[in-house]
Amino acid sequence: PFFVNRGGLPVDEPTWERMWRHVGRIHPEGDRGAQRIRGAADLPQIPIPSVPVFQPSTPIPERLEAVQRYIRELQYNHTGTQFFEIKKSRPLTGLMDLAKEMTKEALPIKCLEAVILGIYLTNNMTTLDRFPISFKTHFSGNYFRHIVLGVNFGGRYGALGISRREELMYKAPVFRTLSELIFDFEEAYRRCWHTLKKVKLGHCVSHDPHSVEQIEWKHSILDLDKLTREDFRKELERHARDMRLKIGKGTGPPSPTKDRKKDVSSPQRGQASPHRRNSRGDRRPSGEKKPADSKAMPDLNGYQIRV
């Protein structure tokens, strides 16, 4: 049964309580049956998937395959019970704590949980860009939603995730453009008799597991009913350019401190892009306090202030 603890490891009570309530609603005497199974000592040990550990020399594509293998070993959650409550508005540090809990409990997961877990397991891959991709499809009079974690390494796009369908989860980073990746997902949906209706694209996620920033889940919302094929492709490539501009010239998202420095003081961006000059101008109100402290500045010559 799905509620058997993997390997006999303890699971937090709130998670078990959610499962008991669900079992009690759909199965006669479900609570008592669950308690009997939970207390049984002769149940076979269920293997716990091992969190992948990498050597510094391990190539990024091999690491991504190992991460996807781990996500797949957790298995898709077909039970109808959500084991982990994920609020998209939570700061990144809170979501990373939840991902750590997922690795300890090793319960089946769904697509959103796989995205959070994928971010957690790739945080040390600083040359890898990660961003959420959400899909809305239509089939047989109903709408369905799915999400994966888009990745970009060395200018090639791919994806991590989990799904009931093999072709709607992992994509190796071999696609030359973001539009090629999305069109591949669209074709996979078509083979499942689903019609792609909307695509939502987020911005790159920070590699700092302690960041209090929120994940930007839907920076671009593309409605396929309102876009021609060519316009759809152009919007996808525009979003890809926006991500590259936000990251800068590096191959991966910099730390929050470096990101702020680049946004505020990079002469290269200031000279090349009028929009960047305007962005700095927008930040001036936070710096207008400096003249008020100008009299005290001679006393601070020996100090360095970080913002």
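Quick reminder: no glycine exception, Cβ is built from N, Cα and C everywhere.
The active site annotation in TrEMBL covers Cys111 (among others).
Positions annotated as active site by TrEMBL: His146 (among others). Within 10 Å of the Cβ of His146 (active site) there are 22 other Cβ atoms, across all protein chains.
As annotated by TrEMBL, active site applies to Ser163 (among others). Around the Cβ of Ser163 (active site), a 10 Å sphere holds 18 further Cβ atoms from the protein chains shown.
The region 'Disordered' feature in TrEMBL is assigned to 241-307.
The compositional bias 'Basic and acidic residues' feature in TrEMBL is assigned to 279-293.
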About how far apart, in whole Å, are the alpha carbons (Cα) of Cys111 (active site) and Ser163 (active site)?
6
Between the Cα atoms of Ser163 (active site) and His146 (active site), find the distance and write it as a whole number of Å.
8
